[in-house]
Amino acid sequence: MQITEKETVQEEQQKLLYPPPSFSTKCHISSVEQYNEMYKESIESPNQFWDKKAKEFLTWFSDYTTVQHGSFEKGDISWFLNGKINVSYNCIDRHLKENADKVAILFEGDEETMVKKVTYREMFEEVCRLSNLLISLGVGKGDTVAIYLPNTPTAIYSMLACARIGAIHSVIFAGFGYESIVSRVHDAKCRVIITADEGLRGGRYIPLKEKIDQVVQHCKLVQHVLVFKNTGRPTITFNPSIDIWADEAMLDHRPYCPPVWLDSEDPLFILYTSGSTGTPKGLVHTQAGYLLYAAMTHRYVFDYHDSDVYACMADVGWITGHSYIVYGPLANGATTFIFEGTPLYPTPARYWEMVQRHKITQFYTAPTAIRSLMKFPISFTQQSDKSSLRVLGSVGEPINPEAWRWFNTNVGEGRCAIVDTYWQTESGGHLITPLPGVTSTKPGSATKPFFGIELQVLDSKTGERLYINPDINGCKEISGVLAISKPWPGIARSVYRSHGRYLQTYMTQYKGHYFTGDGVKLDSDGYYWIEGRVDDVINVSGHRLGTAELESALVGCSICAEAAVVGYPHDIKGQGILAFCTLKEGYQEDESNVIMMLKKEVRNVIGPFATPDVIVITPSLPKTRSGKIMRRILRKIGCHESSAEQLGDISTLAEPEVVKLLIEKVSKVIPKTH
């Protein structure tokens, strides 16, 4: 997959880069013809296709009677009706007969000396003990359990223990602040929280139990807090009326717990994602359909084989961690690598040292991490042996062509397959992705749909399908909103306790379609290029943040009267957070102090990862005469699209002169990159 230096960026983007023939012969899917045949069957005969895959990938307690039911319009999508299954059994028990001593979890902590290997047998015993402990606390089928843990094996045990007994887990990212945790625990009605004393990341201790102590004061429904010792430092407070030392309590329970056989459509987990209304949505994923889709995408997209060491750099607090650290790999009997640290600690060579140390074969990370590593001398990348690598993956946001080429050349050394994966929390697994050894790639394009995914490019205003037809209109590419016209097994079934919101968000904008919320370009080769959100959601380093949630946090600061938040192009993160704030009348303070206070408020309310990159203090915001903030104008200003032609008509603004002021302010704090 080498690229000659003479080619221009545009030529590189449009040129098809073919996988080496030697690579293709060893893959699960080894030719374009095989992909086309399987894809055609998945679209034209979905019941036949998914019936075969459900029997190939999953072990059932009792068989299903119907492969699929329902439609987008009715919001009653169901898969593998009346089947009985247990996700924990599929991820652990069925591997014990032949692979009990195989490493299931390969963990490396914040320091490189913190390495732990957990076999399938050991994982089975840990999960069973924790399952029995939860049962002793009255947790059972349908109960919700909040998990607020660092990226360690304990998080995996906790998820699988819930799955084993039919409890519904709600994993909360350990970077979230107190108010974000409260809203999720309250919405999910969790009676039990599983946490740890502290996390350790980038050389810094992260207080976890301390935050949960605050949460418990405001969530009276919580009855028990299980506390694992992660750092073991004597820094936390312990309330014996509610807190339980989990490590010690588990020793009082048997290392065997029979799995509870569940209906295919019983909820497996709730995972909260940002919504444009400001209130996070608790997306509900169910048992069989989700597990099948996670396992199948993991095996095919990463071309996973039994001897591989598969590594995903995500956090279990996000859907990528759920699907591609935990459920997909373990359902396939894989060795899955989990990492508590950061790519830059203690040096920017950390990722590649881990690849050499553990002989990692598949490496899945975010464009943000890649771009951050590109800033450092190439010697950090070159000093480690990366010959074990076979597949490199990108996730969380579109990868820009420059980062794609750097990843391909300096990490993959021109011999690895690169899979730029597009998907969402809602989808459960990959929607658009290359397949190693099969799909010719273009830097920056997610390429082709996965099996069962029938994509449509729609006109955003009319909802009509757009077509490329060079013979009629000379059109060689089209742009519109990305929609999907057929259900797939991994799709989230609902928003927890708010099915109407689920329908309104995804199923009503374009009748008969699932609306992704993303814009897309389709080129004449049939390759899809994701162009970003079309709703009020910002994608920062692969984390989706609702602008309303950010604005609410800013206005929660005592000095802020009004706030408007938009995304802007960011070299490292993909999108940065740009906030425009007005202050309460009469408030006078040094602007740098004001900005510091506002950033601190967002860190406390949502979490450090949501801190605005740029805050502009302004006497007023661009509004229509009816009082509506014109975020379209703010987005253009953030992108330096500030000519009269680019801004469009601003005559409807109550104070059009504020636009000039904001253009001047933004030009001083956000440099033009081109």
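Quick reminder: no glycine exception, Cβ is built from N, Cα and C everywhere.
Of all the Cβ atoms in the protein chains shown, 20 others lie within 10 Å of the Cβ of R201 (CoA binding site). Taken from Swiss-Prot, the feature CoA binding site applies to R201, G202, G203, R204, T320, S541, R603, supported by similarity to another entry.
Around the Cβ of T421 (ATP binding site), 24 further Cβ atoms fall within 10 Å across all displayed protein chains. Per Swiss-Prot, ATP binding site is recorded for G396, E397, P398, D420, T421, Y422, W423, Q424, T425, D518, R533, R544, and the stated evidence type is similarity to another entry.
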- Does G396 (ATP binding site) have same-chain partners at least 6 apart in sequence with Cβ under 8 Å from its own Cβ, and which are they? A314, T320, A366, P367, T368, N539, S541, G542, H543
- Of the binding-site residues P398, T421, W423, T425, R533, within 10 Å of R201 (CoA binding site) (CA to CA), in sequence order, we find none
- Rounded to the nearest Å, what's the C-alpha distance separating R533 (ATP binding site) and G202 (CoA binding site)? Just drop the number here, would you? 31
- Residue pair T425 (ATP binding site), G203 (CoA binding site) - Cα distance, angstrom, rounded: 30
- What is the maximum Cα to Cα distance, in Å and rounded to a whole number, among the residues G396, E397, P398, D420, T421, Y422, W423, Q424, T425, D518, R533, R544 annotated as binding ATP? 18
- Can you tell me how spread out the CoA site is, meaning the largest CA to CA distance among R201, G202, G203, R204, T320, S541, R603, in Å? 24
- Mind telling me which of the binding-site residues G203, P398 has the densest Cβ neighbourhood, counting other Cβ atoms within 10 Å? P398
